[in-house]
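Visitor: Dumping the structure here so I can ask a few things about it.
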Amino acid sequence: LQRVIVPKHSNQIRLSACAAVDCCAVLSCFACRWILCVCVCVSLIVPQPPTITHQSPKDYIVDPRENIVIHCEAKGKPHPSFSWTRNGMHLDIDKDPKVLMKPHSGTLVMDIGGGERAEAYEGVYQCSAHNELGTAVSNSIIIRQSRSPLWSKERISPIIAQKGQSLILHCRPPAGLPPPIIFWMDNNFQRLPQSRRVSQALNGDLYFSNVQPEDSRSDYICYARFPHTQTIQQKQPISVRVLDMDSLNDTLADYFNDTDLFSDKPTEERAPVFMVPSESVSSKMVLRGEVLEMECVADGLPTPAVSWVKHNGEIPSGRASFLNFNKTLRITDVSEVDAGEYRCIAKNRHGSAQHTIRVTVNAAPYWISAPRNLVLAPKEMGIITCRAAGHPKPSIRWLVNGLPIEDAPEDPSRSVEGDTLIFSEVQTGSSAVYQCNASNQYGYLLSNAFVNVLAEPPRVLTLPNIVYQVIMNKPALLECVTFGSPVPTITWFKDSRSSMLEGNAYVFHENGTLEIHMSHPSNSGKYTCVARNSLGLSENHVYLEVKEPTRILRPPEYRVVQRNRDVVFECKAKHDPSLVPTMTWLKDDRELPDDERFRVDSDSLTITDVTESDAGRYTCIMNTTLDQDSASAQLTVVGECLCATPSQPGVPTDLELTDQEARSIQLTWIPGDEHNSPIKKFLIQYEDALHQSGVWHNLTEVPGTKTTAHLKLSPYVHYSFRVLALNEVGFSRPSMPSRQYRTSPAAPDENPTEVKGHGTEHNNLVITWKPLTPLQANGPGLQYKVMWRQQDMEKDWTSVSVANVSKFVVSGTPTFVPYEVSVQAVNDYGPGPKPSAVIGYSGEDFPSAAPGDVRVLVLNSTLAEVRWSPVSPESVRGRLQGYKVQISSRHFSLPGSGYIPSAPSFFKVSTFDLDSLMLEWGPPYERNGRLTGYTFKYQTGEETCPFTLGTLTALPANKRDSSFTLHNLPHSTRYKFYISARTQRGAGPTLTEEAVTVLDRAMVSPQVDIATQGWFIGLMSAIALLILILLIICFIKRNKGGKYPVKEKEDAHGDPEIQPMKEDDITFGEYSDEDHKPLKGSRTPSSGTVKRDGSDDSLVDYGDSGDTEFNEDGSFIGQYSGRSDRDARHDSSKPLSPVNAMNSFV
């Protein structure tokens, strides 16, 4: 990344979206940088001949309802004037008030709004742009009015066809400009359905391979839409009636006493016959770059299937498409390779038919090398080439300022040789605009190119005193845009002009840009570019600032926090002091939630009152205007725990260095508090203040029972050490750094790795290697000695020393010969070990011969054997990768095996029964190949605190399943499941879920049917006997007492307690099992619901009724089951956990 800072005092700056704006004769726009794009325009008074910048298309169809606008724009110094011709004659614009020319432009506007007819302005127009240096001309622009003629009146008789016959419904639309788009619809403006049997041809006709009774209708309507005028016209409806002769014979035979009025021969099935094209062989011509469309429509019963092949070639898969139910072959962007014979084959079970289409490809002229503008100094020479291709070959015609070159004034400095103009010792005042016209019978090309004769001293157009900022070890690009005639040469200097920059560390581009491969602080400073030509020199100064990279010194660490507690993530970073930093935090790669509980400080993120939804991965990003660095940590939220909660270990202290030697040292420390979780290991890190200050690297690990480590060191490093402790929760904070220990420089201990030799051209050898890191350099002045020799041909090695690069190109090598290649590291203290040589080959070339004696043996209808004679090794001129076998236009290759899939789309675990868990999952959204299954594992653990999990156990699963149920699980056991999808390339990302079995069956009291108990039967018998006795007593008393007022009232009104209730009065609640409905007329509770017996409770109430899906390899991940409706009524605001579900059950 690079930043460009433009001085505020500069008055020659223009900001834009990196668009080339022609603000003067010469314009330079720097490439887009990270912050801005600087376009520089120095106000040079440089004359320039005209150049056409915008014009209307050659074939211009205009809408007769709108004004006609013919574009012609040009630039030049001085600004050009414009004139027009129509049909080869000068167009006097002043004579027609309806024709206007835009100011400072050659664009014509023809106003036809006042009743003028657009066809009055049809013709061939050409624009000319003039100034004192020459004349540029536009293409010949043909203006034609769009036409949408009406359909001719015709009477169409109904069509009667026998079932199974072929049929053609002709459309014959009126000829429009441009041609109309055809489609068939019914009276309701619905498109008629098309199929392999019924389809529309390219000419718009509707073809029936065989008609069926369902084709009978009276509203076959052909529509024509004219695109320019957006008008739609319709043909008269066509009526089609299809007769089923077999059914008709049967009906009439019954009516006329078994008399057969029609043929007793049923509709016969038949082999295919082509309806279009009608002949056996046809031809078609298409122009290069256009679209080729071929069609074959066949008659037959049953409906034939159409296929396509190319004789002695392949149908291009990338540009070809099969349309209209395979009846049309469409090839876009046609080229010469598409010429040849194409065959369409129609087949059904009764036979086949073939048609051959011979395609020829011609070409309108197209550019191979279009003419380009030429700026020459006096006495210089130059050429303008105009190379075009086409079929037939186009003819080249030159013009000067719009006139044929043979009619132009003589110029002794100019000569014509076919498609090339040669200029020698040009003189001031011989500037002109030349036109090249390349034409054949299919079209033409016209291009303008000027020759501008100038004598200008060099000028540097890049703004002075620009400051380029770049991060250390990144490339830097310093611009030096110049202008001059003759073209200036560019040289670069640093700090002073005493020595010119050169060497492998720099790249000098043709446009004057200086590139530094790897920027170091020593590259900072003032740079001067000097532009020279025969008329003088010019120079400019720019500045390069190499900045320190941004690094996160203390990244956020893994946190486990209880719900409703606070958590703090620290993120301390180091950056270049001259750059302005910005700290950004993300959660799961997205912006932080808009919640006041999240507080971002300069070097930390605080989350208060943590909830389960806060769990995830948190990333801190430190940005500057040049670079950035990031680090992430996971947050896990757990419920409340009665036991002591483990946390990260304390920080190690008292680091001490002893037993100091040249390549080793001993480090001791005092560990911090374990915080309820034993320390598993210690991680020792180091910082190299000499090469990468502020960056800590992992050096080694030691078991948690040790507090001493013997460290192996490298030469030429300024070491500082620190220690981190790790327990089950995570790493501790780093200890304070130890004192610095500096090792002495030495020769390199190793050479570059991954040394390779290969060719990128047929005559070169590219030697590449993996550079040594600063830690591997062992000393200052690191270079690489690159050595090579041709194997078995050269005895002596050729070598070269390079620095700050990782490749070297050897030119002028023979084609594909073996070389011995080696690379040795060298620094100021000596060379590294003797390198081992690897074998590399120079560049390959195309094979010079093809296999011969090709034979094909057809073994059966689906198997053929191809044999050939191999080519000689000398003719391969490279590594023989194989032979391309083409059989029946089909190219066979081995299918790829794809990539690993994404994670399953979802995974959940729900309680299925008291001792069962149901798992459900969905396939991955991105399969990246054919799924071979799923990886499905689990761990178990006791419901204790802290929670501990056992070893991983794999579970079998059918790859076609999407759910799985585990039965007979132990109670009060926590399960953690893992699932990932798998292809042939391997397993994808893993998802995890946890679940717990809630209750043991032994804890559920067995339900007893009291109706079968003896004591209950005895009790009920006693109660019945008591009621009988009471009724007898009441009956006796009633007979003695006779009637009394209260009894009369009771007799009159009845006992409201025993009145039957209406069905509408009975209200049922959520539970509506038929076995528990109250009897009609019985009392219901005041709440209007029937309370369910407690003995009917089961763990099913607390489970999730949704389906659970598996991934194909059987691995699975889940969360606790969802809440039941009853739990939702108990507490709608608090999420239900397995423990809460158990408590509710008990």
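Cβ atoms here come from the backbone N, Cα and C positions, even for glycine.
Those TrEMBL annotations? Automatic predictions, nothing curated.
Here TrEMBL flags 50-138, 149-239, 272-360, 365-452, 458-545, 549-636 as domain 'Ig-like'. Annotation source TrEMBL lists domain 'Fibronectin type-III' at 651-746, 748-845, 903-1001. Here TrEMBL flags 735-758, 1045-1146 as region 'Disordered'. TrEMBL lists 1015-1036 with the feature transmembrane segment. Sequence annotations record features per position, and here TrEMBL assigns compositional bias 'Basic and acidic residues' to 1045-1065, 1123-1133. Summarising the annotation, TrEMBL assigns compositional bias 'Acidic residues' to 1096-1112.
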Visitor: Using Cβ atoms and a strict cutoff of less than 8 Å, what residues sit near the transmembrane segment (1015-1036) while being 6 or more residues removed from its termini?
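Guide: No residues contact the transmembrane segment (1015-1036) from elsewhere in the chain.
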Visitor: Please identify the stretch among 50-138, 549-636, 651-746, 748-845, 903-1001 with the greatest number of Cβ pairs below 8 Å relative to the domain 'Ig-like' (365-452).
Guide: 50-138
Visitor: When secondary structure is assigned with DSSP, how many helix, strand and coil residues does the domain 'Fibronectin type-III' (903-1001) contain?
Guide: 1 helix, 54 strand, 44 coil
Visitor: Run through the domain 'Ig-like' (272-360) and tell me, per DSSP, how many residues are helix, strand and coil.
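Guide: For that range the per-state counts are 3 helix, 54 strand, 32 coil.
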Visitor: Calculate the per-residue pLDDT averaged over the domain 'Fibronectin type-III' (748-845) and state the result as an integer.
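Guide: Taking every residue in the domain 'Fibronectin type-III' (748-845) and averaging pLDDT yields 93.
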Visitor: Give the residue counts of the region 'Disordered' (735-758) per reduced DSSP state, in the order helix, strand, coil.
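Guide: Secondary-structure composition of the region 'Disordered' (735-758): 0 helix, 8 strand, 16 coil.
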